[in-house]
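Chemist: Below: one structure in structure tokens.
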Amino acid sequence: FGKMKPVIVVHGGAGRIFKEREEGSRAGVVRAALQGYGILKQGGSALDAVEEAVRSMEDDPHFNAGCGSVLNEKGEVEMDAIIMDGKNLDSGAVSAVKCIANPIKLARLVMEKTKHVLLTDHGAQLFAQAMGVPETPGEKLITQRSRERWKKNLEPDSNPEEFQKDLGTVGAVAIDSEGNVACATSTGGLSNKLIGRVGDTACIGSGGYADNRSGAASTTGHGESIMKVVLARLILYRMEQGMSPEMAADAALDYMKTRVGGLGGVIVINSSGEWAARFSTKQMSWATVKDDQLHYGIYAEERHTKSVDEALASGSGGL
């Protein structure tokens, strides 16, 4: 029984990426993919790789997750995250959490230290304290850009919907040398959302799903639309019917667009290590590493390729 070749795919959110943020988004997904791949190369698990890749993007203010998350109507950060292990369908998620730097780490603890799948708000906070997760003052997670965006959206003639296009949910999927798959997704949600709003990210089957029998998917885009079609699970279902990752992703995104008018993006991997990064929005930052080759892009037809060694040698996040 031959060892699998490890593969990781990451996304930094689907939507519209403003020109001045393109470089940072590209560098951020590349850095995350290389870090996750480093774990896989050393024989590490898909679970550790996706968690590490997502943590790297949570810490990067270019993305709407962890530091740099968008603000709710009250001007606070409320974050959602999920992680799932394809081996036994174990999953952990948190929703509406405040004042922690890395919601994905808390989601992993929910998976490993409780009998539950999803903890929310105050309960998630109590659990974080019990686990010794350090509190981060809310202000630390708020970037000047998020604050300005929030203020702009409060103006009477503003259209928050217009800005929702710059979403920046982050996610990762991977397969390790044992053939196990995993997914992880993390987000700050929608700008100026109602307090207590939970989107697709924390919901199993919507924000992400992983099953060794078919593969793994992580989604991004309009959360309410994603929930209505249970997008991540829908993609795996299509793959179970025999579609390639790319066909399954396109079919599911197309269904979401025609059925509920929702746009988004997905990264997918199947149980034999084939991958896809597809989106119905204008852009989605993504990166993948397979066979020591790094691929990345933001626009529909864009695909850069470099060897991992070359990327690592060039320093700053691999670009």
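Glycine is treated like the rest: Cβ placed from N, Cα and C.
Below are the features listed in TrEMBL for this protein:
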ACT_SITE  T169  active site, nucleophile
BINDING   R197, V198, G199, D200, T220, G221, H222, G223  substrate binding site
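Looking at the shown structure, can you explain where the listed features end up?
Modeler: Of all the Cβ atoms in the protein chains shown, 35 others lie within 10 Å of the Cβ of T169 (active site, nucleophile).
G221 (substrate binding site) has a Cβ environment of 28 other Cβ atoms inside 10 Å.
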Chemist: How many Å separate the two farthest-apart Cα atoms among the substrate-binding residues R197, V198, G199, D200, T220, G221, H222, G223?
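Modeler: Result: 16 Å between the two most distant Cα atoms.
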Chemist: Using other CB atoms within 10 angstroms as the count, which residue among the binding-site residues G199, G223 scores least?
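Modeler: Candidates: the binding-site residues G199, G223. Fewest Cβ atoms within 10 Å: G199.
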Chemist: When the number of other CB atoms within 10 A of each residue's CB is tallied over all shown chains, which of the binding-site residues R197, H222 has the maximum?
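Modeler: Its Cβ has the most other Cβ atoms within 10 Å: H222.
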Chemist: Tell me, which binding-site residues from R197, V198, G199 are within 10 Å of T169 (active site, nucleophile) if we use the C-alpha atoms?
Modeler: none
